[in-house]
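This report refers to the structure that appears directly beneath it.
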Amino acid sequence: MASTHSSLTTVQNNANNKSNRTLNTERRLSMESSVFTLYNKAADELDTSQRSAFQACHREFLAEFIGTVILVLLTCGFCAEQTLHIEESKSWLTSSFGSGLSVLIGICVSGHVSGAHLNPAVTIAFCIFSGFPIRKVPSYITAQLLGAFAGAALLYIIIEPAIVQFDGGQRYILGEKSTAGIFGTYPPLYVGIGSAIASEIMGTAMLLLVIMVTGHPNNLPYKSAQGAMIALGITTISLCIGYTSGFSLNPARDFGPRLFTAIAGWGFDVFKVYHYYALVPMFAPILGGLVGLMLMMPFSFLSVRA
């Protein structure tokens, strides 16, 4: 009798457990079904061409935006370390490596979606010489400019107390207490405009050479590490000639943060100092990018996919 009772109890427990598992499974499937039904219903409302258009436009726009936010936030952050007199990190070497690493992280984040241009000079050069669709140029450049502005704004939120501690709440563009250089690029006082223009043109030309060579199909060992090679190239260019211009090589990297400083308290004189130097990092890198790709033409490297 005891054995029979035990067997009945075991069978009943097994049946209850099976029933509970079945109920939990049904509940889970019901929840998943409702979620996926909503998702699929929304997805079905877009036909294939619409989804493709959305992915081709908005995903690339967001990738360029986020990548440029990261690039500018980190690059200007390294500049802040130099400006705010954090002595253990105060050197051009630190700033140069910071620029390279910032670009590398931006490439890692957005490269698989948009190609990680992160730079209007790159986008324009690719459009003219390497078959990048002209219809995408406005979207890319807009994303880059907005991303640069947003990156500067985010950095300001983070380091604003340190800036106040350094300048006493007075926003200086020039002088020992200048903090505008955290965001925009400004050459040393002893450097002429001509030298700064030459530095930006040559630096951007070399940057485009590095991008095109490392991305060429015949350079397989380099293509797999293209982001790292570009970052190393930027670091090297900065160490060699970057100090003469403040080192921009990127119109978005300078214009976005400079515009932010104009709004955030430094005033629109940030566009006028050094005889309207703001025009140099705005246009010289674009010319430099074109020069860089023109130098590649004799070597038939223009088959690189932008």
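For all residues, glycine too, the Cβ spot is worked out from N, Cα and C.
The topological domains that Swiss-Prot gives for HIS58 and LYS272 carry different names, which places them on opposite sides of the membrane. Checking the ranges 227-247, 248-268 against Swiss-Prot, the transmembrane segment annotation falls on 227-247. Using a cut-off of 8 Å between Cβ atoms, the transmembrane segment (279-299) and the transmembrane segment (193-213) share at least three residue pairs, counting only pairs 6 or more apart in sequence. Using DSSP to sort the residues of the topological domain 'Extracellular' (248-278) gives these counts of helix, strand and coil: 24 helix, 0 strand, 7 coil.
Counting Cβ pairs under 8 Å that are 6 or more residues apart, the transmembrane segment (60-80) and the transmembrane segment (146-166) reach 3 or more and are in contact. Across the topological domain 'Cytoplasmic' (1-59), the prediction's mean pLDDT works out to 48. Beyond the ends of the topological domain 'Extracellular' (167-192), by six or more residues, the same chain brings 76, 79-80, 83-84, 152, 155-156, 159, 243-248, 253-254, 257-258, 260-261, 264-267, 269-270, 273-274, 277-278, 281 to within a C-beta distance below 8 angstroms of the stretch.
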